[in-house]
Amino acid sequence: MLSSIHAGRPFLKMHGLGNDFVVVDARTAPFRPSTDAIRFICDRHVGIGGDQLLVIEPPTVEGAHSRMRIYNVDGTEAPTCLNATRCVVWLLLQEGENGSLVLETLGGLIEGLQPAESQIALRLGAPRWNWEAIPLAAACETLFLDLESGPLAKPTAVNVGNPHLVCFVESRDAVDVPRWAPALQNAPLVPEGANIGVAELVAPDRLRLVVWERPGILTQACGSGACAAVLAARRRGLTSEDRITVEMPGGVLEVEVHDDERLVLTGPVAVAFAGYLPLTLPQTVSVKVAG
Ligand SMILES: N[C@H](CCC[C@H](N)C(=O)O)C(=O)O
């Protein structure tokens, strides 16, 4: 009986430090979920649950092994997600690739390698700092933006494939992030929104970070957020270390800084479970509220 109910497409639930994803392989059979289907799949009450839906497709550029599309919980497409990239690189390497491969995302090509059994490292391209590339709505210096929301003031903006604003604070845990971060995320200066990092430098080689991601969720970990925080800390002169451990609620990622701010991001990935999508994906999500 179970198999006749759940005979839809297979998926894998994976995570990198609790930043969790529903992964669908669409390399041989296309998968183009509607906005409502994406919302349903990511919904933790009525669907499967995840911070994002990842769809693996054939590559569109030479040199890439596959292309990964990344959908946020509201159905919008994100240009990059580095924990997702680490999970999908790991998955594709299980198919017998030779220890490394290049994954195509909207945010660019990323090379992934497997330094140890459940670890994936990514070699990233150069970050972008100019205001048009973030993107911001008006010309300005991106190292200290003229924005403030409660204890979150003067963030640094950087695009590491996706846009981040990083705020440095005395104590990460003292900040009520869901209260203050949305005003920065939705500021008119940031027309496409941004992921908001709240970072505390606890030692020259150690940051504590939490990220309020687009479209308004607090995640257990954020790979691109970790990279953005390291780059911002160095550009602001808060540290000059070139190996920095970034501690997030879900665990730690290691960031190495090479020439021209080219980063290598390393951390664990895990498979949580496998399952099947429903045969028919709902077009609208309706959740009954008691009372
Ligand atoms: N958690 C992800 C970032 C997702 C960013 C996404 N929410 C966006 O809209 O840019 C990471 O590990 O890099």
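Any Cβ shown, glycine's included, is placed from N, Cα and C.
Per TrEMBL, the features are as follows:
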BINDING   Asn19, Gln52, Asn72, Asn162, Asn195, Glu213, Arg214, Gly223, Ser224  substrate binding site
ACT_SITE  Cys81  active site, proton donor
ACT_SITE  Cys222  active site, proton acceptor
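Cα of Ser224 (substrate binding site) to Cα of Cys81 (active site, proton donor): a span of 6 Å.
The residue listed as 'active site, proton donor' sits 8 Å from Cys222 (active site, proton acceptor), taking the CA atoms of both as reference points. Sitting within 8 Å of the Cβ centre of Asn19, Gln52, Asn72, Asn162, Asn195, Glu213, Arg214, Gly223, Ser224, and not among those site residues for substrate, are the Cβ atoms of Asp51, Ile70, Ala78, Thr80, Cys81, Asn83, Val211, Thr219, Cys222, Gly225.
The distance from the Cα of Arg214 (substrate binding site) to the Cα of Cys222 (active site, proton acceptor) comes to 11 Å. Recorded residues Asn19 (substrate binding site) and Cys222 (active site, proton acceptor) have their alpha carbons 7 Å apart, per Cα-Cα distance.
In this view, the residue listed as 'active site, proton donor' is surrounded by 30 other Cβ atoms within 10 Å of its Cβ, with every protein chain counted.
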